[in-house]
Amino acid sequence: MTAPPPVLTRIDLRGAELTAAELRAALPRGGADVEAVLPTVRPIVAAVAERGAEAALDFGASFDGVRPHAIRVPDAALDAALAGLDCDVCEALQVMVERTRAVHSGQRRTDVTTTLGPGATVTERWVPVERVGLYVPGGNAVYPSSVVMNVVPAQAAGVDSLVVASPPQAQWDGMPHPTILAAARLLGVDEVWAVGGAQAVALLAYGGTDTDGAALTPVDMITGPGNIYVTAAKRLCRSRVGIDAEAGPTEIAILADHTADPVHVAADLISQAEHDELAASVLVTPSEDLADATDAELAGQLQTTVHRERVTAALTGRQSAIVLVDDVDAAVLVVNAYAAEHLEIQTADAPQVASRIRSAGAIFVGPWSPVSLGDYCAGSNHVLPTAGCARHSSGLSVQTFLRGIHVVEYTEAALKDVSGHVITLATAEDLPAHGEAVRRRFER
């Protein structure tokens, strides 16, 4: 009897000495081609910018077969959703909110004043974005956790005005899923829009008038994950509003050695593959025995996985693989080059190995810190950079919703003390009017 084919493709980097750039080229990476859908999304954004809610509702009816009575969800529907929420789900959401607030409440930066001399100060003042739109996707699953992960840091930053946008659902009379509504109400958000996709992003950016004549006020910033069309719309609208990031398909990398339990490793790889057929699951290990055992576990666990078809497509896609390396040192180089959204460390000395990681959206240390914990109740944020963007970007946090403003205050004497240098530099850059703006202050 022949052995079943391996679930995951293998990439053997043992004996290879590659630069970070060469590693990135050798490692599996899927992702979606946002550029390819821009021609489709651009007219949607333009139409919503011109016709507002009417266009957004038309697109929703055309794409999804759902046309809500209005964009804004009535307060009574939010109250009813929270009242009807399953008690266990409500309790779990409350725990998630408490733990997420505990972590994020300490993240807010304080104003800092630097004195450069008598009468010369520069203060960095942190000011929250005034109005933020938080997108919560529909699709393969319901994501009340995304409501929490977006709303909590925005509230901790002091954002005054929040609106949650989520796709209307035919089975809920054109409202977003009631669990989404309940999560918003639980967090004290009273403005929820029943609109999804690229048209939701455009409506958040440009605003409009609802079917009852009420204003749909545009936002200053849009955050939250979504599909490729949502991502494309965020790209097109980012000159008008700020965005958090262009989210791609989710990904997990696991750095594991011979001490790791293949049952845990396989379960964690499957857990992220459950999100999307484009999700990436990557194991980086120096242990061929662990690679074999994990592949066998994957084959076995897939038999009882609820979303087997979706998970199998993700695991067998070009974005997923087992990467064999010489040792843990080589594995660290690989995962730093890969810059995963989620990185688990399951090695003999996991905390020490984790301290060497410089590029990851979030790091989960040891066998009892699975990514699923971070998705819900670790207290960390699960809106994280994908597609290698962890090399230069961070996950959603309180800082996402804050703007640093430099406040410069000099006295006459302080300006006079540095005026000669200002005039010299302005002259060197052939900007004489800059120097004159200083010199004329001391003419009389």
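Including glycine, each Cβ sits where the backbone N, Cα and C put it.
Bear in mind that the values here come from a model prediction, so they are computed numbers and not experimental data.
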Looking at Swiss-Prot, Gln272, His275, His342, Asp375, Glu429, His434 are annotated for substrate. Which of Thr250, Thr294, Thr400 sits in that same site?
Thr250
For Tyr135 (NAD(+) binding site), write down the residues of its own chain that are at least 6 apart in sequence and whose Cβ falls under 8 Å from its Cβ; none is a fine answer.
Asn150, Val164, Ala165, Ser166, Ala200, Val201, Leu204, Ile222, Thr223, Gly224, Pro225, Gly226, Val230
Fewest other Cβ atoms within 10 Å: which of the recorded positions His275, His342, His434 wins that one? Let me know.
His434
Take the Cβ of Gln272 (substrate binding site) and count every other Cβ within 10 Å, whichever protein chain it belongs to.
28
Can you name the residues of this chain that are 6 or more positions from Asp375 (substrate binding site) yet have a C-beta less than 8 Å from its C-beta?
Ser145, His382
Restricting to the chain of Gln199 (NAD(+) binding site) and a gap of 6 or more, list residues whose Cβ falls under 8 Å of its Cβ, or answer none.
Ile44, Val48, Ala55, Ala56, Phe59, Gly60, Ala233
List the Cα distance (Å, whole number) between His434 (substrate binding site) and Glu341 (active site, proton acceptor).
46
Largest tally of Cβ atoms lying within 10 Å of a Cβ, found at which of the recorded positions Glu341, Glu429:
Glu341
